[in-house]
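Peer 1: This structure is in structure tokens; I'll ask about it shortly.
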Amino acid sequence: MFFFFASALIKCQRDPAHTTMNLSILAAFFSALGSSFLYGYNLSVVNSPALYIKAFYNKTWLDRYGEPVGTETVTLLWSITVSIFAIGGLLGALSVSLIVKILGRKGTLLLNNIFALIASLLLTLGEKAKSFEMLIIGRLIIGVDSGIALSALPMYLGEISPKHIRGSIGQFNSILICLGVFTGQVLGLPELLGQVSRWNYLFSFLAFPAILQLCVLPFLPESPRYLLMERRDEAGAERAFQKFLGKKDVSQELEEVHAEARAQENLRTASVLQLLKNPAVRWQLITIVVTMACYQLCGLNAIWYYTNGILQEAGFATNIIPYITLSTGFIETLAAIISGLMIERIGRKPLLIFGFSAMAVFFSLLTVFLNFQNSMSWMPYLSYVCILAVIASFCSGPGGIPFILTGELFEQSYRPAAFMIAGIVNWLSNFAVGLLFPFLQETLQSFAFLVFVVICIMGTIYLYVVLPETKNKTFLDISQSFAKINKIPAPSPSHEIELALSINCDMNEKVQDAAKMESSL
């Protein structure tokens, strides 16, 4: 796959007009490879070597203090190792607004690879150094990497994509997350790296996507919107548009960005406080908070808790369960790819509503099947089918579209602050699920999934009532579609005519200046 994309990149460099979408797809793939792919990989990679890591903690403690570690201490160290990933993600989300302002979208993604490489070294060498602290710090740092990536990457993808394929390009984020999860499951098999003598090499793999991105991303353009609206580099923005779109005449795209710039009250990057205070973006912000909270609280993370138990109840041998669970990663990836292919035909809103409502249905069926699991021999198979259906429903829309919407619902100056808030909600919700679900499950048993049914239904109702469709719309059009609910008057036709005239005047002046320069030469 890498060589296919690399050869296509070379072809695009030699022939800028080699199809409109090629360079956008290449940029999406390589930027996601070192970003969201690593996030997905780190979600699954610690599951396979869990017993070996705990044994390493015990041995290190024994060598260091001369006595075996207590069961509670091992559990605490393991819990910290797993949960500190979310803490790192929160730190990354808190810092991303400042970093993208200074380094830009592409520069932030490139810098982020340093965190991945450092984390890979710490996690790989922790066993040889006999230091479980290195593993914990490595998980924290790779969490920071993921927190930055899940904000900077959707921002970059949304700004480099033509509006007619913006959703499909944005779904690369979700597809690579799912592919990362699947890769972690495959490499964790006993025949590969899921062994007592090889488990640390699972973390060495983190360096591979980061190095690939460092090799390729410098040759791809920066976001043209960032160059034009924040760096005031019109020539650079024009060149970036020409490369991404594969054509020389990009005056229409430049006019669109100029119109968005003139419609904004303040071209400077807004702070989080300014975003929270501005009534013109109030419902966009509420929508992002609700959607991102539902993304984490809809129950997908909790579904993994039951998978192995259901397979055991179904009569599958323990030694083949890891291979059967690969089907979950495969279904994730397949559903995300299908969603990416369909999003520009169906739209964001229908896919989100379908995904959350389907999850509510299958969670309800799963609750019924789990309660009758011991009464009929074939019932566990239905339970597992429901688990696969929940995963497919999630990846069909809710698994990737919230990140796309965060980039689409806000204009340029508010986008970094919006991604920062979305990231905070995402990681806090992630941490809450990991912290509270064990207690919820202990209290409600299989009925715990009914809590997620309620969350999915509430999310569906909100999105149906509030969210407008953003398919094939400019960022300015999307912003204006919220004007009524925000009780902000939409721009009048005369104002739009003024914007168009001012744009045309600017373009005419540039043409005249260019003509004068040619005549003087």
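Every residue, even glycine, has its Cβ placed from backbone N, Cα and C.
Note that the structure is a prediction, hence the values are computed from the model and not measured.
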Peer 1: Which residue range, 43-63, 169-189, is the one TrEMBL calls transmembrane segment?
Peer 2: 169-189
Peer 1: When each of 21-41, 107-125, 169-189, 446-467 is checked against the transmembrane segment (417-440) for Cβ pairs under 8 Å, which one has the most?
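Peer 2: Per the Cβ count, the answer is 446-467.
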Peer 1: Is it true that the transmembrane segment (201-220) and the transmembrane segment (350-369) have 3 or more CB pairs under 8 Å, sequence gap of 6 or more?
Peer 2: no
Peer 1: Can at least 3 Cβ pairs under 8 A be found between the transmembrane segment (381-405) and the transmembrane segment (285-305), with each pair 6 or more apart in sequence?
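Peer 2: As far as Cβ distances go (cut-off 8 Å, pairs 6 or more apart), the transmembrane segment (381-405) and the transmembrane segment (285-305) touch.
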Peer 1: Counting only pairs 6 or more apart in sequence, are there at least 3 Cβ pairs under 8 Å between the transmembrane segment (169-189) and the transmembrane segment (21-41)?
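Peer 2: Checked: the transmembrane segment (169-189) vs the transmembrane segment (21-41), in contact.
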